[in-house]
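What follows is a short report on a single structure.
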Amino acid sequence: MRFAVVQFGGSNCDRDTHHVLAEVCGVETDLVWYKDGLQQPYDAVVLPGGFSYGDYLRAGAIAARTPVMQDILRHAKEGRLILGICNGAQIGSEAGLVPGTFTLNAYPKFISRHVHLRVENDTSPFTSAYRKGDVIKIPIAHKEGRYVAPPGVVETLNREGRVAFRFCDEEGQVTPESNPNGSVENITGILGGSACNVMVMMPHPERASETVLGSDAGIRIFNSMITHIEQHG
Amino acid sequence: MVSVQDLELLRRTLQRDLTDVEVACFDNLWSEHCSYRSTRPLLKTLPTEGPAVLLGPGDDAAIVRFSDTCAIAIGMESHNHPSYVDPFDGAATGVGGIVRDVLSMGARPIALMDPLYFGTLDAEKNRYLFEHVVSGIGDYGNCIGVPVVGGDLGFDPCYAGNPLVNVVCVGTVHPDRFLTARVKKPGTRLVLVGSSTGRDGLGGASFASRDLAEDAEAEDRPSVQVGDPFTEKLLIEAILEMAEIGKVLSCRDLGAAGLAGASSEMASTFGAVIHADRVHLRETGMTAREIMLAESQERMLLEVEPEDVALMGAIAEKYDLSWSDIGEVIAEPRYVVTFHGETVADIPIDLLVSGAPLCPWERRPYQAETAFVRPATPVKELALRVLAHPDVAEKTWVTEQYDKDVQLQTVSHSRDAAVLRLEDAALVLSSGCNPRHIYLKPYEGTANTVIENASNLACVGAEPLCIVNCLNFASPVHPEISWQLEQSVLGLGDMARTMGIPIVGGNVSLYNESDEFNTQIKPTPSIGMAGKSDEVRRWKPAEEGDLLMLIGATRPEFGGSVLDAVTGCGGMAPALADPAVVAVVRDLGRSGVVTAATDLSRGGLLAALAKLAPQSRVELAGDPLEELFAETYGRFLVACRDESALAGVEQHRVIGKVGGDALTVAWDGTSFAITPEELETALATTTRIMRY
């Protein structure tokens, strides 16, 4: 099993994500510089957080148009796993891996804090280690993280079970107060791909993967991916 | 501009007229910002050595051993004047500059702290400056992926028209593999990597050494640089990759006085020839003077062997960075600049980098303490006003704009000290000072600042490793300011010596005055302190049922307190504290017998209670104002399961117990209670003002 973490100029969670996959989860993981492309088939590709191209133009817009994305779209079409975290989620939506887009927070400032998420789907390759309704504590750190999509798209996401996570309060209630950035229906984890083999999310699971840092509730996302790869090859 | 006296001295020394490039070089390099002309003899009194110090003051950043396999690089800078003229870009480039100072040591930047001081938030202009400085720091630090883990935040009318933006950066490097900013041998090449050079920030160093006139904003805007954190992030990765292969002989960041400053200081161990026409530019028609002095950001100068130039260029290009081979190190101690074959500067290098004559200033002591006038307001109302003062209120509006968690090292932040896991131990960081106290008692106040920061470290069981400082003062042309500066530096040095903490680096920012507001800043010698704890401890509040104990004696020291700030009550400023208590609390923290600890600083016992035990009941022993609001140093509020935990600790007493549905304070048969809602409302004041 081999994971790739793609590094764009301006990625800054690439080494963090590599650390959690390689050192904490113990899976072989390559850091892949975007200019080098995917030079071998990977079981999973992670688009890490950061500020690719300094968020110039729109967050993720330029990275989504680099040549490496052709490799990544092919990888997705083959049904293999892609996880986009924070800037990786913005790149994923810009590349059309999921519908909708991430835009400026409702209160238009960067926001870095621990929030709670309610798990909405426990069958996808990214969430099978959770039970539906679980409440997990996880950090967010973004300025353009408000998920928006037309009503019809949101309805489809809900109907097809493609909402993975919603912001909620400590008790799991999805309320306006527990929505830190104004995302539609508090959505912050979206599943894409023909077999829900793509997930993008604004919160940082790699920052919630070791108890010494305050929470290990996020590591089950990586563990779900590993289990899925073990079972499906 | 270079003073008439300086210019005359230079003409006599060189026995000729200076070229315009030479004048510009001296203008910047002989400025206070670059040459410490007013403060050099004073700074020499500071203790700079210690067993862990691998490289002390004088380079881009200091290097201090953390373990056998890890050293920290640490530096501190101010970006005060640019942040007034253009708060977003001024603050952002302040972050960029200190990050490159750490990077130039071959160290990966891992943490930032920002001590910030502003005018009061009732004025729209101060709110504007505050908002945009915080945005500037956040945008830059977040983008380059270096967490802002701490800082200091002070508000006082003296900073209207002259806010202070100080930045501490910490990096990590192997103790045997750090770089320095001094060239190693003649015959090597000087390679400029990073952003292209434009006309931005011309004359920034001399601009920084001037007070701000009324029309500063409009007139000086061309002196403010604009940052590009994306390029900085690429530069970090490129320089670290170059350092990793061991081919960088020396390295320096281009900061104040641009290429002239960086190349002359870097080459001062030998000499250098710089070909100004080889610098990659973003504008056409730039003169040699403009190229040499421009303060375009995100540029580094490297010394490499001639045969390695192409390899360095290839690494730069991997990261889409431009580069140019702009000069060579020569054996003669001369600093030569050529431009299209013509020599435009040729100066003895020692004269340029260390020849600035000292400016002796007259000193005159002052006395600013006033007799204490007891406020007639009910104690509970005073308490709520103190808690609502932005020096005490929650700082989440600020800290939420900073990415604190990137790099997966931040264990705890925003309380007392920041705790970062580093290898199998903890790197613990604190910063700040108390300008109101230091104004009233410059010597004692600055010495107490050392104790206060060490106290923050002690609360999580950490021992200090080193101090960096940023000496922000008004103009030493005023004899009172000159005295204040002297007293402050002496207090800093004496307490650092007493506590055995080396002062490994710093920065001086003088002339912090505003004609517009007719203000001089209070003395603000802010410091950054790094420490180590063998065990990683997270700061946590007290637990239900814990006993609350106060360690240390309280005196009626109200002068410069937050109570003084909200009521004008005056009084004596805190006297010099005994630092011995710091080690006592550190040992308590390490032994695990206390569940929580915090030191008493701004807002006194009341603020400490609000932080550590917001729902508890305490019984005061004496005058409630003194007990709650005095800001005597060397005191701690700790929580533990039973009193025996503090057996043998001098001057401690039980003051209350954690629990109940409010913060209840009783004395002499009377009491008041602050409900959680009232507390939250008071502490949310800054957020409420700023979130309009």
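Quick reminder: no glycine exception, Cβ is built from N, Cα and C everywhere.
Cβ neighbour count for A:Cys86 (active site, nucleophile) (all protein chains, 10 Å cutoff from its Cβ): 33. What TrEMBL records for A:Cys86 is active site, nucleophile.
The feature active site is assigned by TrEMBL to A:His204 (among others). Following the DSSP three-state reduction, the secondary structure of A:His204 (active site) is coil. Counting only residues at least six positions away in the same chain, the Cβ atoms of A:Cys13, A:Gly49, A:Ile85, A:Cys86, A:Ile138, A:Pro139, A:Ile140, A:Ala141, A:Gly218 sit under 8 Å from the Cβ of A:His204 (active site).
Among the features that TrEMBL reports, active site is placed at A:Glu206 (among others). In this view, A:Glu206 (active site) is surrounded by 32 other Cβ atoms within 10 Å of its Cβ, with every protein chain counted.
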Tell me the coarse DSSP state (helix, strand, coil) of A:Cys86 (active site, nucleophile). coil
